[in-house]
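All remarks here apply to the structure that follows.
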Amino acid sequence: MTLAPETTDLKIELQLESGWFTVCELARLLPGRGVAALLPDGRQAALFRDRSGKLYAIDNRDPFGGAAVLSRGLTGTHQGRPFVASPLLKQRFDLETGVCLDDESVRVATYEVRAA
Amino acid sequence: MTATPEATEATPTIVLVGHGMVGQRFLEALAARGMTATHRVVVLCEEPRPAYDRVALTSYFSGKTPEDLSMTDMEFIDTHGIELYVGDPAVSVDREAKKVTARSGEVFEYDTLVLATGSYPFVPPVPNKDATGCFVYRTIEDLLAIEEYAKTKATTGAVVGGGLLGLEAAGALKGLGVEAHIVEFAPRLMPVQVDDGGGAALLRTIEDMGLSVHTGVGTQEIVVDAEGAVTGMKLSDGSELATDMVVFSAGVRPRDQLARDCGLTVGERGGITVDEQCRTVADPHVFAIGECALASDGRVYGLVAPGYEQAETAAATIAEDEAEFTGADLSTKLKLLGVDVASFGDAHGTAEDCLDVVYSDSRAGLYKKLVIGRDGTLLGGILVGDAEAYGTLKAFTGSVPPVSPESLVLPAGAGAPAQLGPSALPDEAIICSCNNVTKGTIRGAVTDHQCTTVPEVKKCTKAGTTCGSCVKVLGQLVTAELEASGVEVDKGLCGCFAQTREELYEIVLALRINTYQDLLDRYGRDGAKGGDGCEICKPAVASIIASLAPTIGASGYVLEGEQASLQDSNDHFLANLQKNGSYSVVPRIPGGEITPEGLIVIGEIARDFGLYTKITGGQRIDMFGARVEQLPLIWTRLVDAGFESGHAYGKSLRTVKSCVGQTWCRYGVQDSVRMAIDLELRYRGLRSPHKLKSAVSGCARECAEAQSKDFGVIATSAGWNLYVGGNGGATPRHADLLAQDLSDAELVKLIDRFLMFYIRTADRLERTSTWLERIPGGLDHVRDVVVEDSLGICEELESLMAAHVAHYADEWATTINDPEKLARFVSFVNAPDTPDPVVGFVPERDQIKPDLPLLTIGHRPLEGSAQR
Ligand code: SRM
Ligand SMILES: Cc1cc2nc3c(=O)[nH]c(=O)nc-3n(C[C@H](O)[C@H](O)[C@H](O)COP(=O)(O)OP(=O)(O)OC[C@H]3O[C@@H](n4cnc5c(N)ncnc54)[C@H](O)[C@@H]3O)c2cc1C
Ligand code: SF4
Ligand code: FES
């Protein structure tokens, strides 16, 4: 066992209908900054990693602005909930549930994600 | 288990026909009264999906999905045991037997029947009105069909009808990349809401948006080709308009067929006749609500707010409570972004003896009219071009405003306009007319329900949740109420830090803290320590660290280590994000001076990468439409040609504009170009609380507009005058003279001190103009500090600036030489060579523009989100 997973060659994987889908090396994900992944069916996922190393994945498309840019937003925590703020018009999305914190009628899809 | 009562004879049944906006509100009202626990509730829904937000329909084109528009929470339906039959309309009613038959053949017995069937779009009976390429604009299905056709078969489209919906539909067509025409029979647009003057101002604005308007003409015939597809329209003036598609938006008619067929009374022009309790006059067991109802005041309401009131009234009546609906207000605000149009109250001045107060400036597309009663009561009005005051004015309707009506319509600058704040409103004033919420209720949400933010108040009162036009006033009321109730308004930067930006700056500088995590873990609020921070404090602290980098021992490169994770998304990619996910590229062009070779290089790069090219308002060139993976390639070529970052993305120095000055101009008294270049190169890359702009003019004629800049310099025969705190933008401010007749060296020294003092003491996103107005003592205090050195800090300010200047390095040059940083410039981490397919472009005026349907319409940015 090692306490520094960054130094191992762990991969980030997303749970899709077809099974676990490998995206990239864990080391590509800077804490607090996202990356976008292209899924086999053409959808896009935004992946994030927080300071404690926890991983999150939500749909990459900003439902308000329409562009696929959520992976480029700033992350943070609001009342204990991890979120990303869209770089377009700044709406925040809960990284665990996909619900928009500024307009709860809107939510984006979430994915199960792991490092393996 | 759900609360579904057993369908025994003892359980009375309510059948609702139509699950639209009003139907859904009726169900919520029933549930709120506990009626769903004691009644069986059956809903017949004709559309293939349960109730959705029809008012926000057009926002589908700006990216909202049908799921986003849904108003139906399936959990609500389940927990209240409501039987919802989607896609199964009622086809007949037998009032004698009290039975409704659905299309599926299912028969439902009712004790109470509620009709909420809404309206259908009226299509004028012109030849070929059903041809391929003809559409209406009412349901999500209509929009899907329009989108499909516009994208595959049409380059031109015509909307029949220039009312509220017609304009929305035309905006939608334009957003889909179709050349859009509006054909309106009346002599002006929005004939119901605005008068002739308002129509003229509106016309100008709509035409400026690129829509073609044809008023005073009717549609006579739709012209079709051999396959029966639309090719044009014959108009009543004999002309023909070529068009590939037609959208009818010529008004709506109540859907009362079901009611007619079962013998209920309907009005002459349609609508199911109901009494003040929304009960049909013909049958006490049947109610009608929403757009299908002819209310007791003889009107059919085509807006959602009156429908909601009717839903509440019907639910209350069925629950044997007292309620009545006797009429409602027809205020409207157009949702097209970029066109401010609002009308409220008695907009056309139909009351006896009323007076108009009108302000009109057709050149600026402005028209404002207030209708005032003899006793000074505000009765209504029309606002075109500037509907800022809509929320407040609407709320004052029916009372005598505390200031004169003239001052309410005059624009800023033309005589002192009165600031009529919502604090002057009476408690009964309706703030949110969509949901009928008064000022008193909103205040109560703050005082009795402990709401402290606008989203909380929205949730608690429903105010601001429908059309959104009242949110601004809502925000003002919440702040005023919090302050009045002595709640110490938290001055902390955000939820993570209780300190102000200025206090954090002092902590960082004094303790030489050079990482965000360190600052958060030591000085963050209790719940925030050890956490991930937020989108407000991360860039603010990143800016402080960058401003002080050499002094506190941090890297001056904003993408180094932890700093990369703190930057706003624009700084993270060293470029400005555009609406479709592409980026713009702005190389620095100091003082606006550029060689022909430099211009050619920019031209070649823009041509090779297919970028949209524009001269900016800051005397330089912006290239738009670069994909994220193209940024390093573009910048490699720019850096090779000697260009560097223009920091158009950063909260940092933007441009120092110049006039040609003494060298060429016969009036010039100093070399303004050289000074502008010197200043731009000195302060380039300096991170600050907000962006910084400057300009240098060669004489008092001021061709460089220096007095509108954060620091502006104007030549005198004896040297330079320094002006500070100027601002263009949303709230323009003329700069104040700080010092006169300075030598080159004195000028630079004073600007060094001024900027560093501003960086030290300003709030986040506070321009120098607002900072000067806010800080105690204002300009005099600043002059004392930076000219007289009253605090004894000038040496420190100067040395901080000297360190910045000495350590400056171009961040794009650094980036393109760092393979690890470059790896981030991809659309997809797992497919670095695949460009983001969402980033698309369409041609316009020989260049490109983003291809994202309808970004100009529909939603409102969050408060303060324009701040970049
Ligand atoms: C490109 C340009 C318009 C143009 O085509 O000419 C522009 C474009 C933007 N301006 Fe501007 N401004 C541009 C000159 C101006 C000017 C004119 C000037 O600088 O002389 C002003 C008024 C002067 C002033 O700032 O006082 C101006 C006042 C604003 C404001 C309002 C600032 C204020 O204090 O009220 C904003 C919003 C903000 O910063 O919060 C803004 C924000 C923006 C943003 C960054 C909006 C955004 O967040 O996306 C635009 C970025 C476009 C992009 O994607 O690249 N822009 N903007 C100009 C770039 C100048 C340059 O070379 O850097
Ligand atoms: C593009 C657009 C923009 C608008 N903007 C605004 C605005 O800004 N402000 C505003 O106040 N209003 C606006 N409106 C009007 C607003 O949408 C309506 O006032 C509101 O939807 C009326 O609600 P309703 O429930 O009465 O009718 P609807 O929402 O039309 O619902 C009626 C439902 O009943 C169904 N139905 C009909 N017959 C049957 C049957 N026999 N059996 C079962 N179901 C049946 C229909 O399919 C429909 O789903 C707008 C409308 C549109 C189309
Ligand atoms: S400001 Fe004076 S020197 Fe500069 S161009 Fe204008 S007139 Fe000439
Ligand atoms: S007035 Fe429409 S939401 Fe408040």
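Just so you know, glycine gets a Cβ as well, placed from its N, Cα and C.
Annotated features, as they stand in TrEMBL:
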type	residues	note
DOMAIN	B:13-315	domain 'FAD/NAD(P)-binding'
DOMAIN	B:331-394	domain 'NADH-rubredoxin oxidoreductase C-terminal'
DOMAIN	B:430-474	domain 'BFD-like [2Fe-2S]-binding'
DOMAIN	B:578-638	domain 'Nitrite/Sulfite reductase ferredoxin-like'
DOMAIN	B:650-789	domain 'Nitrite/sulphite reductase 4Fe-4S'
BINDING	B:CYS659, B:CYS665, B:CYS699, B:CYS703	[4Fe-4S] cluster binding site
BINDING	B:CYS703	siroheme binding site
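Here the binding-site residues are B:CYS659, B:CYS665, B:CYS699, and the one whose Cβ sees the fewest other Cβ atoms within 10 Å is B:CYS665. Apart from B:CYS659, B:CYS665, B:CYS699, B:CYS703, the residues listed for [4Fe-4S] cluster, the same chain places the Cβ atoms of B:VAL660, B:GLY661, B:TYR667, B:GLY668, B:SER672, B:SER697, B:GLY698, B:ARG701, B:GLU702, B:ALA704 within 8 Å of the centroid of those Cβ atoms.
Taking all protein chains in view, 18 other C-beta atoms sit within 10 angstroms of the C-beta of B:CYS703 ([4Fe-4S] cluster binding site).
Counting residues of the domain 'Nitrite/Sulfite reductase ferredoxin-like' (B:578-638) by DSSP class, helix then strand then coil, yields 28 helix, 14 strand, 19 coil. Under the three-state DSSP scheme, B:CYS659 ([4Fe-4S] cluster binding site) falls in the coil class. Under DSSP, B:CYS699 ([4Fe-4S] cluster binding site) is assigned to coil, being neither helix nor strand in the three-state scheme. Mapped onto DSSP helix, strand and coil, the domain 'BFD-like [2Fe-2S]-binding' (B:430-474) counts 21 helix, 5 strand, 19 coil.
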